[in-house]
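Heads up, the thing below is written out as structure tokens.
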């Protein structure tokens, strides 16, 4: 069983590595450095305005830590076929799950550590805390995560069925329920942030140890929740693939199609003739497929919000350029969306025309996004000159993306 | 002639699947392409519709070749695939419209024809549906309607009889007769030999990438007098001979 998890983890990591290599391509790394740099600068500038009088920020800080503590789930790497093939070795499967827990624990705690370090300056500025209190804060967050992961382990077993005697009437109050875990984590954070980091840390460690004890007592008396675990793992992987899918093509993520009748008026603007036959197809595919339309919508909304708050300097222009680029280059795979449909190739239409039609779609989508971005900046009371500059920058970028970059990548 | 294949050698990789194939489809003629699984029927069709490029030999359609004038060549072909292939994001109506746009058909005329065809295949009340959610037979009917919408000179139909209800088979054969009368050639691959025997004007029998025999049913029967009376018998006898080798 140890061997099995080891094997699967190797395969899993290999696959992740392959995708990561695709995600962090040269262009993206440059864009990302720019983005992180900009955000870091904005964060540090903002920190200068924070002082002990901003006690309310402690609530925000608590919220961030609480939400952050949900990051990191148990990578069981269970496959649907396991329910059939591993069923006879149910008892031994505990070893497998323990391995999974060990791996996930390390990974999750690294993330938690990074998160706490990231928000630590804020904590220091508000509470004027000193060295050892900060260590306690780190310990508190790690203990909370440890507690949550133990609960996640308990839920991999069919505890609700076996031990619901006491909790049958109020399953939401069971120690392993999601509600309990949120409440306890929240209380621990309140204790740590508002009262004393040391006290919070001490109580969190006790909670973590008690829950571990509970797990040790519960699992030998219950069976593995196969079906729930398979679904859980599938959802976890889907989340990861969705993320990768933002950057490259992931075959496991297939967008669904929605009719979206309310958007039909947009399509009426498209010309209907042989020269624009592929526009007819691309336009409808774009609006009704959830995959690419969702991508554009998400990035446009995030970009517009960031632009609204990004002030009126270089950061705004940088963000604007970055988001247009992100949308533009992620739309390129849409060109090949219909390549596996034989008719795309046997219509008496040239590949050149297909590319031209696609460029037209790209122009329309990017122009719409650019207009929304410019509106967001204009609404944030930017001077007219700034809005004008942004408009020119967007025009140039769209031209480069459509006429040069798309052609180079696709032709 | 409509379609002329001369000494075609081709396949998917370096190793040719088709070894020197030659046959013709005349205007107004239904030619049945017959052979075992893996004999090279689909490969031949893929070459004709331009998904594969010949290694040797030529494929001409009314004097046009794919290499010299791809658009003029493709405009003459209508294709019905063995497994229906549809655009997920298009409704039935939009599939038809897409076909009209792609082939540059006159909209009013084409829609008149489309409504006739839809009525024949009882799809006329499903225009605003996504055919991707249809049953296999219904999807196939959509393919048929799209193909017969065009003014193609050559119809290529890959195994049309599986999945269609008997009524639709009957209607399809009637449609083929109709386009034949208008001077189009039809090339049809199939395993349903009883129907083929009745409907086809000529046969091309492929076996391991070669044309084993071709001609009208009478000609083939005359060439193999001992093989049997029906196409089925002759076919079994011919493939049986090679199995013994």
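In case you wondered, yes, glycine gets a Cβ from its N, Cα and C as well.
Automatic, uncurated: that is what TrEMBL annotation is.
Record note: among A:253-274, A:385-406, A:385-406 is the stretch given as transmembrane segment by TrEMBL.
When TrEMBL is compared with the stretches A:1-18, A:55-72, the one noted as transmembrane segment is A:55-72.
Within the set A:180-197, A:198-215, A:216-233, A:234-251, the record from TrEMBL flags A:198-215 under the feature transmembrane segment.
Looking at which of A:20-43, A:105-126, A:198-215 has the most CB pairs under 8 Å to the transmembrane segment (A:55-72), the answer is the stretch A:105-126. Sequence-distant contacts of the transmembrane segment (A:105-126) (same chain, at least 6 residues past either end, Cβ-Cβ under 8 Å): 47, 50-52, 54-55, 57-58, 61, 64-65, 68-69, 71-73, 75, 134, 137-138, 141-142, 145-146, 149, 193. By the Cβ criterion (distance under 8 Å, sequence gap of 6 or more), the transmembrane segment (A:315-335) is counted as touching the transmembrane segment (A:20-43), at least 3 such pairs being found.
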